[in-house]
Amino acid sequence: MKYLIKNAHVIDPANKIDGLKDILIENGKIAAVENKIEDNAAKIIDAKGLTAMPGFVDMHTHLREPGQEGKETIFTGTKAALKGGFTTVCMMPNTNPAMDSKNNLAIAQDIIRKTANVNVEIMGAITKNRAGKELSNFAELKQAGAIALSDDGSGVEDDAVMQAAFKESVKQDILLISHSEDSKLSAGGVMNEGLISTKLGLKPISNASEYEMVKREIQLAKGLDAKIHIAHVSTKESCEIIAKAKKQGVMVTAEATPHHFTLTDKACESFSGNTKMNPPLRSEADVEALKQALKDGTIDAIATDHAPHAVHEKEVEFDLAYFGIIGLETAFPLAYDVLVKSGLIDMAKLVGLMSLNPSKILGLKKGTLTPGADADITIVDLNKQWVYSKEEVQSLSCNSPFIGKNLQGYIEYTFVGGELKLENGTLKVKDA
């Protein structure tokens, strides 16, 4: 179907567009972006007062299927993506079975073909069964369609194994994504180390458990002239290490999550399992460092680390609750509030962080409204305030500390490959 989006404020950093434009969609592609377009054969979307941008790309999504369908499925997770304005998500490999072989990728790819509501890319596992001991077959995974490789959920802690992974990643030209955590330093911890963990009597996780591993990854990447992407950066020290490495020419990129630059460890005073995540919520100083790193380019992308868990896994004692929260549906309004409304960055910068930059890092032909590109478009009402209620949640799980919160910035329309899949905030998808 042909669509004509009229009167939108279009923001497309790739083409330096930031103003009122019309967008014509034809045959699943962007046909034109011009000051005024007329086409009587197209369905008109009047976007007056709304902001249109390339669809968001999430580098870090846990869709849980195959193997953990009680938490999330590819169908429900990609419904949440649509609701949050994400048109492409990258599913992490900590499924059951892990994404460590072409056969296991094929299982996920079959489900994606049948049930996904957005574009889904797959992260292969760096090591077999994500056990951190023996490398997966990188060439096989790349040929099978893996977009990058990670053992996310845990890090590859053996130095020799990670060094071998870097060497093979250079050989196969595939990006490694690091869950930077030294479990010897974080062992048994449940929240950030500091006054609040002491006051609450909860076992701490030090900043060093993250930044020491970030330091190692960068040293290995530098020595082997390899690329590395650091997932879910949460500490001031990590930001400083990454900034220094970039100045030295190391091919390092990094992401931060909205919860890590929105909340501090003070949120854990509620003892709610929905404030427990890995990396943990950090101090005010860490949050400020993340925001500055997003502003100055030290951190390249915003990712959700959407991590659904069932009620019985979260509504328990804090020590026993699983790590992780959902994030696809709240990422944009949180980032808009903390980064744009505060005056720290402008909308063009935010679109870069959520769409163009993740696309570039992963080598995807996304994140742009260039004519000929896939018509993946998100249209937002920046002024609309709404409550993130349990009834609103499209994910199979509701583990979010933002449930019940007033948010600003509402996704009105989401196009995926030229198909209108969210209209006036309502999903237009059939049940799987």
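Cβ coordinates come from backbone N, Cα and C, glycine included.
Same-site candidate for Zn(2+) 1 binding, as annotated by Swiss-Prot with His60, His62, Asp152, chosen from Asp296, Asp300, Asp305: Asp305. Among Asn129, Asn274, Asn278, Asn357, the residue that Swiss-Prot places alongside His62, Leu63, Arg64, Asn94, His309, Phe323, Gly324 at the substrate binding site is Asn278. His232 is the only one of His232, His259 that Swiss-Prot places in the Zn(2+) 2 site (with Asp152, His179). Around the Cβ of Asp152 (Zn(2+) 1 binding site), a 10 Å sphere holds 22 further Cβ atoms from the protein chains shown. Across the structure, Gly324 (substrate binding site) and His62 (Zn(2+) 1 binding site) are spaced 10 Å apart at their Cα atoms.
Cβ packing within 10 Å was compared across the binding-site residues His309, Gly324, and the lowest neighbour count falls to Gly324. The record assigns His62, Leu63, Arg64, Asn94, Asn278, His309, Phe323, Gly324 to the substrate site; their largest pairwise CA distance measures 17 Å.
For the binding-site residues listed here (Leu63, His232, Phe323), the lowest count of other CB atoms within 10 A around the CB belongs to Phe323.
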